[in-house]
Amino acid sequence: MSEKIHPVTKPVKARALIDQAKYQKWYRQSVEDPDKFWGKHGQRIDWFKPYTKVKNTSFTGKVSIKWFEDGLTNVSYNCIDRHLKKHGDRVAFIWEGDNPYIDKKVTYNELYEHVCRLANVLKKHGVKKGDRVTIYMPMIPEAAYAMLACARIGAVHSVVFGGFSPEALGGRIVDCQSTFVITCDEGLRGGKPIPLKENTDTAIHIAAKQFVTVEKVLVVRRTGGKTGWAPGRDLWYHEETAKVKADCPPVKMKAEDPLFILYTSGSTGKPKGVLHTTGGYLVYAAMTHEYTFDYHPGDIYWCTADVGWVTGHSYIVYGPLANAATSLMFEGVPNYPDQGRFWDIIDKHKVNIFYTAPTAIRSLMGAGDHFVKRSSRSSLRLLGTVGEPINPEAWEWYYKVVGDSRSPIVDTWWQTETGGHMITPLPGATDLKPGSATLPFFGVQPELVDSEGKVLEGAADGNLVIADSWPGQMRTVYGDHERFIQTYFSTYKGKYFTGDGCRRDEDGYYWITGRVDDVLNVSGHRLGTAEVESALVSHKHVSEAAVVGYPHSIKGQGIYCYVTLMVGQEGSDALRQELVKHVRAEIGPIASPDKIQFTPGLPKTRSGKIMRRILRKIAEDDFGALGDTSTLADPAVVDDLIANRQNKADAA
């Protein structure tokens, strides 16, 4: 375990917004008097009607979370209109296409026009405040316009990652009963077309079978590829936006009106619609963006995430735009046309702040230093990581090779549910330890508890909970508040349970050790084991499946599947490939199984519960200490699992 410390350097300290003394003072104020602290910082956004109530939250009983509840504001207004007078000509988005020769810049004035036109199109077709609009888009500016246009008129957006399958998209349309979809003819990733419109058509068909009718589909022309067309339902984006005015007044929204739903994986099979609201979310996204990245006006900021994930919501669109920043949006992938693409983009657009995932770092590290060295990267001032813990070796490579040992790394821990950074270094305030997310952001009160719920003091290892609310926190699971209470507040009464394990060292630094529930973290993306299991079991030859994670050198966690076949069905490599294809079709490519082991049975207790602990150990090629297997209904199953494991160290 790395305990090497990289102290804050003089040049970083000299220009930092927050130094150590200020961090300690503000942090103390934020936890001792949250009403006063957030009452002040809530004013970083503009309000049509100022709030008088700041915090009204309870983690017990029915669980209710309200911030700034009597204030009126609008997210789109805060991200665009209020900047126009002083910064209308500032670039809001730099868009870098999949093709390295194609890019464009969109100023705040232009953004205003694009968003207002799209908002007027939505209104013209009957979209009203509170209606749910599904956005299934590639990384093109229109994806951000769509989010902001919804926010402008009070519609609730549900962005679905363009890598998800039609089945996954259909399920999300049904869950929030969305009747309007915004998509694209095709996406482009690594030179390959992605059939988004075709997927949308299939998803709408799936939704219709569950009695949810999509009435309109607005289609952006990206590639000009051939697509199916339903006259009366399907509309071309470029035709519709040309017919409406370029002005649309923002709707006055209550702070607790819904802003968006974003589906994330849970430990049960059905994805959860995480609901974020208007005021608290924007205050928190903007404040974390400014202080975590030490953002100064004029900085060029690039987060490599996709808008289909929360990182894209908070740190490509809402946080940066609320701060009048220039945000780079990249359509492509890190290894196209070659493994130097990220570094070429940094030079091309003079990027100052670069925020990416450990998976990308590990894979580019494996490609060799020469791809990095051929670029200058001299504009870089700050590096960030997000999505999963970063191993110290990758951290050091990122720091030394990519950042030339002069750019601090902010290793940010947070979740879809938290809306913004929770535990993170602040560049001018926090000495860095490779692999540690370091210290809590303002207002965040982490605690470690043991399995009985006892709070652990000092250096300790335990389950990470948050003791009190913060403005960016999700408010509920869409349409299922009971599930919200059960998932997050029932394990440790009166505390928000993160689902992560964590170690706190003697300096009070936090080290995230990974999920403690049945959720996988694959390449920084969350996937429920139950989702993958139900995809496998839906195949006609599969009788039962159990899925666990195992250490993977690039993705962090790989997906290891134990599959029991129907009687009389033989396992084969061809069937393995067929099952991989089947899971990709059901969920999407991110859920592709890495290893599939056919097994006559699974280790179950006499009550029928699968003992996942044993499956995890075998998947990790570590079966010397399987613990007590005497409670198993059929202990012989374990010997078969060990003998036929797919990841023997010598086979690697």
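Every residue gets a Cβ built from N, Cα and C, even glycine.
ATP binding, as stated in Swiss-Prot, involves Gly387, Glu388, Pro389, Asp411, Thr412, Trp413, Trp414, Gln415, Thr416, Asp500, Arg526; the candidate among Arg374, Arg377, Arg515 given for that site is Arg515. Secondary structure from DSSP puts Gly190 (CoA binding site) in coil. Taking the Cβ of Arg189 (CoA binding site) as reference, residues of its chain lying under 8 Å away and at least six apart in sequence are, in sequence order, Asp98, Pro138, Glu331, Gly332, Val333, Tyr336.
Largest Cα-Cα distance over the residues recorded as binding ATP, namely Gly387, Glu388, Pro389, Asp411, Thr412, Trp413, Trp414, Gln415, Thr416, Asp500, Arg515, Arg526, equals 18 Å. When the C-alpha distances from His539 (Mg(2+) binding site) to the binding-site residues Lys192, Pro389, Thr412, Ser523 are tabulated, the minimum falls on Ser523. The binding-site residues in question are Thr311, Thr416, and the one with the fewest Cβ neighbours inside 10 Å is Thr416. According to DSSP, Ser523 (CoA binding site) is assigned to coil rather than to any helix or strand.
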